[in-house]
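Positions annotated as phosphoenolpyruvate binding site by Swiss-Prot: K22, N23. Annotation source Swiss-Prot lists UDP-N-acetyl-alpha-D-glucosamine binding site at R95, R124, P125, I126, D127, L128, D307, V329, citing sequence analysis. Residues annotated as active site, proton donor in Swiss-Prot, with sequence analysis given as evidence: C119. Here Swiss-Prot flags C119 as 2-(S-cysteinyl)pyruvic acid O-phosphothioketal, drawing on sequence analysis.
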Amino acid sequence: MEEIVVHGGQRLTGNVHIEGAKNAVLPILAASLLASSGQTHLSNVPVLSDVFTMNNVLKFLNTKIDFDEINKTIDIDASRQLSSEAPFQYVSKMRASIVVMGPLLARLGHAKVAMPGGCAIGSRPIDLHLKGLNALGAEIERHDGYVEATANQLHGAAIYLDFPSVGATQNIMMAATLADGITTMENVAREPEIVDLANYLNQMGAKVTGAGTETIRIEGVKAMHGCDHSIVQDRIEAGTFMVAAAVTQGNVLVEDAIAEHNKPLISKMREMGVTVTEEPAGIRVIGPEILKPTSVKTMPHPGFPTDMQPQMTILQLCAQGTSLLTETVFENRFMHLDELRRMNADFKVEGRSVIMYGPTDFNGAQVTATDLRAAAALVIAGLVSRGYTEVTNLKYLDRGYFNFHGKLAKLGAEIKRVDVPDGTVYALNPDFANEAAE
């Protein structure tokens, strides 16, 4: 069993490099299925388990993929005859796999995709995806754990999303690129990853306007082709390291981080007394000796991102006073708090809100990650804990962070990823930090 072991108490200093965005590259990989000619070259691709999973989905669909993990590039040839069925063994591992449905339906007129899996944080139904595809003219059936969509020719439509779902916005937008006529989507997701997908689609020959606003307009085209595209930087990874720097009273330059993409987080951190400055090379974060309490409510973009909620709770628990966090996006995203209670966190959950009483004198403990962002939050808690913290169930961490422990070690954390037998308490030796940074 692999686990991350942290010896808390070290101040983080230095520079940290941010990868391409997981939440951008996955739908862009799916969108490559729309290219009936030419090849696609993607750069700044993060080396994550979710990327390997999506690559396997595309390979099963008969695309040719070459992933250069050293240079972080992917070359894709989707011009061949494609299969229209995405099987359970791949899709069940990752929720984002459902976004292959729109591209397959648009290009082949048929898509059969297993119901998605991924992190267990709320029900996250795909009804909005199917409602939008149905509006474009697809016939939808659900059976035997699969969703099957069929359409001789998709046609443009006026679509209003009941909720600005990121996945539904992506799926419908991709399907509409090859539809006959004009599609107008209202109340859509506005995340930077939506803008990155739209930019990629336009480079492929699509006609998409309005991405990043509440209304997206897509004029259907006859065919699309491969292109070159660089994945946008990961705002959630950037935010995670910003919180880690702040909570350890550190001084860290988060390289290539885009301040515009993290405005809600930056605003709240400044409210808590954290110094956050934009520099030509990225965002610098300097943590204060005393953090002020604050209230946070997660919202769809441009509100505070739900993917930063678990990490933010660590910052709030370290604040001197009472903080409040309300989760409005997912109904079950406080599972990491039970693990933090084992580390001496004091809080009270009331419905979709949690009241946190700080400052917390975190104790090291063995804790288990329950989802991707919870895993990162537990590691950050370990950075400010007395003694040793062991974080297990790292499969979640690997879905969204590349070399997380190594990057923290280079910033000065005493942290290491180890393979130990079940039940073993790992003891750090004096050379721990040096070994971890290698």
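For all residues, glycine too, the Cβ spot is worked out from N, Cα and C.
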Between L128 (UDP-N-acetyl-alpha-D-glucosamine binding site) and N23 (phosphoenolpyruvate binding site), the C-alpha gap once rounded to whole angstrom:
18
Rank the binding-site residues D127, D307 by the number of other Cβ atoms within 10 Å of each Cβ, and give the residue at the low end.
D127
What is the one among the binding-site residues L128, V329 whose Cβ has the most other Cβ atoms less than or equal to 10 Å away?
V329
Using CB atoms and a 10 A radius, I'd like the single residue among the binding-site residues K22, R95 with the highest neighbour count.
K22
Taking the Cβ of I126 (UDP-N-acetyl-alpha-D-glucosamine binding site) as the centre, how many other Cβ atoms fall within a 10 Å radius?
20
Could you work out which of the binding-site residues (N23, P125) has its C-beta surrounded by the smallest number of other C-beta atoms within 10 A?
P125
Given D127 (UDP-N-acetyl-alpha-D-glucosamine binding site) and N23 (phosphoenolpyruvate binding site), what distance in Å do their CA atoms have, once rounded to a whole number?
20
Assigned conformation of D127 (UDP-N-acetyl-alpha-D-glucosamine binding site) - DSSP reduced to three states:
helix
